[in-house]
Amino acid sequence: MINKPLVLTYLYLFIYILLSSGVILYNKWVLSPKYFNFPLPITLTMIHMGFSGVVAFFLVRVFKVASPVKMTFEIYATCVIPISAFFASSLWFGNTAYLHISVAFIQMLKALMPVATFIMAVLCGTDKPRCDVFLNMLLVSVGVVISSYGEIHFNVVGTVYQVTGIFAEALRLVLTQVLLQKKGLTLNPITSLYYIAPCSFVFLFVPWFLLEKPAMEVSQIQFNFWIFFSNALCALALNFSIFLVIGRTGAVTIRVAGVLKDWILIALSTVIFPESTITGLNIIGYAIALCGVVMYNYIKVKDVRASQLPAESLPERITKDWKLEKKSSDIFVPNNSGDISGGTGSAADAFGDEEAPLIPSARLSYLGRTQLGNHAA
């Protein structure tokens, strides 16, 4: 007999992997001078933010699909604005990297997400330095360095943009915990877009006006409505697919799906974009980095389970284990960085995927701050 809930779960995972990979490859195709040739990453990100904000407005204010939270000016100024600023920065830098380096290499660099998040958490006082975690971070860093050394088309500018975007996204995740969680706010995907997307659009307007508006005036840039509409629609759909996946699976399952997505994405990128050559050193370095990520995830899952389980007998722990797997997904927050609208992920890909501009929940924990694999707008 067919297990319908299980089939539905796998269907959601398949849709997530498909949309996450598709958005990243679509963004690369649009931005690349060799293909669609729309080398304006800030403009593309603004289109995503504007579209998401408009859709969220209609869902909240017109169709009443979701109710707005009790948002005061003080909360908006001290929480939403700084979070939106770093979110906009992560999308801006992450998308700009597509102009200079390959999709495959970008996915490899995203393995640094746990390192960046841990560093920011320590600096902000939400985490403490630990020897075991430090060793994992060192292993990840060594793997990324080896992978970078093996990159044939290594570009310093593109690498700097991507790494900067990763650290901006990491700081956004930590600020989400420090600011929103302390205010007791819980945002679902729709309300997250409702509050954060318009604010991010405003932040992106300043660099767009200074950097890209002059270029658009002096050069002939092709604009195809259906290309950009479908691109923004895919980014929006990715947000909701992440929400569906988190609602039906546990954090461990999501992480495995993120790692699988990254490997599929790296393989697909070499087929779709022939210039994205992968070397043996690339693979070795990325495999080393992933070992560090897996070990780090294992430590954090163990920490969360230990903190949630009261002292009890072994049989009681076993009977509650499946509940913890489901419960862990409640504190798991997708990363949103250049994979979608500019967003991953794989961080969360930690599900971070740096892939979607949303905060399904403000309850960000260690588990929600690591990398699942990282995406793309």
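Positions of Cβ are set from backbone N, Cα and C atoms, glycine also.
What TrEMBL says about this one:
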type	residues	note
DOMAIN	11-297	domain 'Sugar phosphate transporter'
TRANSMEM	7-26	transmembrane segment
TRANSMEM	38-63	transmembrane segment
TRANSMEM	75-93	transmembrane segment
TRANSMEM	99-121	transmembrane segment
TRANSMEM	133-154	transmembrane segment
TRANSMEM	160-180	transmembrane segment
TRANSMEM	192-211	transmembrane segment
TRANSMEM	223-245	transmembrane segment
TRANSMEM	252-273	transmembrane segment
TRANSMEM	279-299	transmembrane segment
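For the transmembrane segment (38-63), the neighbouring stretch richest in Cβ pairs under 8 Å, chosen from 7-26, 99-121, 192-211, is 192-211.
This prediction places the mean pLDDT of the domain 'Sugar phosphate transporter' (11-297) at 90.
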